[in-house]
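Trainee: First, the structure itself, so that you have it in front of you.
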Amino acid sequence: MPEPGPRMNGFSLGELCWLFCCPPCPSRIAAKLAFLPPEPTYTVLAPEQRGAGASAPAPAQATAAAAAAQPAPQQPEEGAGAGPGACSLHLSERADWQYSQRELDAVEVFFSRTARDNRLGCMFVRCAPSSRYTLLFSHGNAVDLGQMCSFYIGLGSRINCNIFSYDYSGYGVSSGKPSEKNLYADIDAAWQALRTRYGVSPENIILYGQSIGTVPTVDLASRYECAAVILHSPLMSGLRVAFPDTRKTYCFDAFPSIDKISKVTSPVLVIHGTEDEVIDFSHGLAMYERCPRAVEPLWVEGAGHNDIELYAQYLERLKQFISHELPNS
């Protein structure tokens with residue numbers, strides 16, 4: 001039996017040619033490396049779409065294209081809570097909902113529109129009405145808002161923060177296709193929706209990015225000042241994930257967060273597992289070292305890419321950072 005051909009960081013020569021030569025542009029490389037949108041685990045119904053039988057969960061196989069075809073929902077007044085005139089959230093079994101219908105009814109969902117004309121599914125979880133801070137949470141890969149909803153409720157209630165999140169273009173009920181340019185347009189639309197719809201000012205917004213979500217988070221934070229930034233398992237760039245020995249940013253690289261982090265003027269907390277098997281720990285360390293206003297990082301000994309939240313020091317560090325290191329008056 002012939003020996004397999006040489007591989008570089010898990011990639012064969014043929015895979016490398018497919019990755020970088022078909023064609024060699026950042027958007028195509030980004031799409032091949034990074035985006036794994038799951039089958040949607042939720043649907044959003046506008047008020048006029050809710051009928052007598054609408055209380056039953058919508059089919060899990062609903063697609064982003066179907067959501068995009070829905071008529072645009074009426075926007076409640078800025079800061080208004082869920083009510084008869086609001087959109088409703090319906091979860092499939094795969095969302096693994098862990099709370100009661102009462103908590104689900106309190107989750108606010110609506111659509112926004114990006115500068116690239118994609119329809120963006122947005123979610124506001126009001127966990128701590130009296131809290132000063134709201135997290136603008138950019139989630140990781142291969143999940144959508146339906147799967148993250150339970151986590152948001154648990155996290156927000158424990159760190160005393162409200163949480164605003166959104167699905168990237170091509171994820172969940174958001175229309176379009178996932179791409180690097182769409183990532184940046186998506187978080188811009190989310191930022192504007194949080195500010196205008198809920199009246200949250202930049203000094204009360206904490207940008208939280210996890211894994212691929214650190215890419216739009218760093219981009220936005222490099223352009224706008226906010227209360228703080230939390231980078232959970234960040235990556236330096238797409239090429240550096242595939243090839244750890246890469247020392248500079250090439251023109252065909254994607255997600256060059258390492259070149260943007262020096263422009264972030266807000267306090268930055270970096271969190272990374274020392275045994276991360278997807279984005280090596282060296283990425284978190286390098287991002288931390290480039291931050292002009294980095295605070296004490298959280299290096300979780302023995303943690304991988306998807307289990308940092310299971311370690312006690314995760315919540316402890318977040319509470320310390322938000323409740324004691326940031327202004328709370």
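The backbone N, Cα and C atoms fix where each Cβ goes, glycine too.
Source: prediction; values computed, not measured.
Pulled these from Swiss-Prot:
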| type | residues | note |
| --- | --- | --- |
| COMPBIAS | 53-79 | compositional bias 'Low complexity' |
| REGION | 53-85 | region 'Disordered' |
| ACT_SITE | Ser211 | active site, charge relay system |
| ACT_SITE | Asp276 | active site, charge relay system |
| ACT_SITE | His305 | active site, charge relay system |
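Structural setting of the listed features?
Mentor: Counting every protein chain shown, 23 other Cβ atoms lie within 10 Å of the Cβ of Ser211 (active site, charge relay system).
Asp276 (active site, charge relay system) carries neither a helix nor a strand DSSP state and counts as coil.
His305 (active site, charge relay system) has a Cβ environment of 19 other Cβ atoms inside 10 Å.
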Trainee: Enumerate same-chain residues with a sequence separation of six or more from Asp276 (active site, charge relay system) and a Cβ-Cβ distance below 8 A; give 'none' if the list is empty.
Mentor: Ser233, Gly284, Ala303, Gly304, His305
